[in-house]
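Accompanying notes for the structure given below.
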Amino acid sequence: MIATRCRQISLLLFSMFISFIGFLQMFERTWGGFPARYAGILAIVAALFLVEWGLLLKFQPYASQSILPAVLLLTSTGTIMIARIDKSNGTDVAFRQLVWVCVALIMVALITVFLQDYRLLRRFSYVSMVIGLLLLLSPMVPGLGKQIGGARIWIGIGGHTMQPGEFAKLFLAFFFAAYLFDHRDQLAVGGRRLMGIQLPRMRDLGPIIVVWIASMGVLVLQHDLGTSLMFFAMFVSMLYVATGRKSWLGIGFVAFVAGTFWPSGFSRMSDTVSRHGCIPLIPRSTAWASAVRGRSSRDCSGWPPAGFLERVWDRDIRRSRRWPTPTSYTRRSARSWDWSDCWLSSSCIWSSSPPVSSRP
């Protein structure tokens, strides 16, 4: 028990250390120092994460403690990216983001204390489904929905805007989890076999597929491809957890590849992403198009830090000589890795590592 708790707190502290190194390196290179107000709000965020860890130990001793460090690391990664852009734009979006992180952690703490038996949510599975779909459809309502940045995923209330799809994620996740739990035996037994894969009966899987297709269709029409991919991954992973069949992972991968490289789907995806102005005009058939597109995200946002993977891509692209290398890609010379590169690499390794079980 003691060894398990020590491992849990060490994971959280290690995530805090990596996040601190990332903020420190970013502020030193872009701001010329660590701003005092960011130091204060980051200290509050760290304290709230520690409080949440203690509340989980007291009220949910068997909950997975590997999720909290992952949330901390992902949140800090996104905030660092935003803060780096804030310096060039003269905005304070990152600071407001941290304020909302504090609000979210307080709400999580309240839920941990007052909703100790999460199984109560199973009673409202279909109610959650209806609420989630209504939230997804709300940006399509004339006069209520707003199109910002090429995506119609916002609604305007007074002088404020919000994304109802963020709340729809929670309600649809409740529905998926409750439905799959109630029908896990039927889904695991399966019906017909197709190409060596045991498929479940359509009457068992039909309702959840209908809801998933409806949600994905709405998101594609709204040009919110990021959320669409998140729903797809959540759908496949929940099916795998509920049934224990690895075949669902293979089916999900095949469906993802088919949807990505289908001509109409690829064209829609490319047109949506290119609205952000981050992808150079490179022929889609070239061998290194995907590599250069991946690198372009750094040139638009200024992050990941310079030096990360550029040496490999620059060298290989220059060798291929298939098209002129854009000027933005050649303005930086090869240099040794700095702390920002190490921080990003550690984040990638951490996020790809299997979770450590916290159950004693």
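Glycine too: its Cβ is placed from the backbone N, Cα and C atoms.
Taken from TrEMBL, the feature transmembrane segment covers 9-27 (among others).
For 39-59 (among others), the entry in TrEMBL reads transmembrane segment. Beyond its flanks by at least six residues, the transmembrane segment (39-59) meets 5, 8-9, 12, 16, 20, 23, 65, 68, 72, 95, 98-99, 101-102, 105-106, 108-109, 112-113, 116 of its own chain at Cβ-Cβ distances under 8 Å.
Annotation source TrEMBL lists transmembrane segment at 66-85 (among others).
Using a Cβ-Cβ cut-off under 8 Å and counting only residues 6 or more beyond its ends in the same chain, the transmembrane segment (97-115) has close neighbours at 38, 41-42, 44-45, 48-49, 51-52, 55-56, 59-60, 75, 78-79, 82. Positions annotated as transmembrane segment by TrEMBL: 97-115 (among others).
Listed as Cβ neighbours of the transmembrane segment (124-144) (distance under 8 Å, sequence separation of 6 or more from its ends, same chain) are residues 152-156, 164-165, 167-172, 174-175, 178-179, 182, 211, 214-215, 218-219, 221-222. Look at TrEMBL and you will find 124-144 (among others) tagged as transmembrane segment.
The annotation transmembrane segment is assigned in TrEMBL to 164-181 (among others).
Annotation comment: TrEMBL describes 202-219 (among others) as transmembrane segment.
Below 8 angstroms of C-beta separation, residues 153, 165, 169, 172-173, 176-177, 180, 187, 208, 212, 215-216, 219, 248-249, 251-252, 255-256, 269, 272-273 of the same chain, each at least six residues beyond the ends of the transmembrane segment (225-241), sit close to that stretch. What TrEMBL records for 225-241 (among others) is transmembrane segment.
Per TrEMBL, transmembrane segment is recorded for 248-266 (among others).
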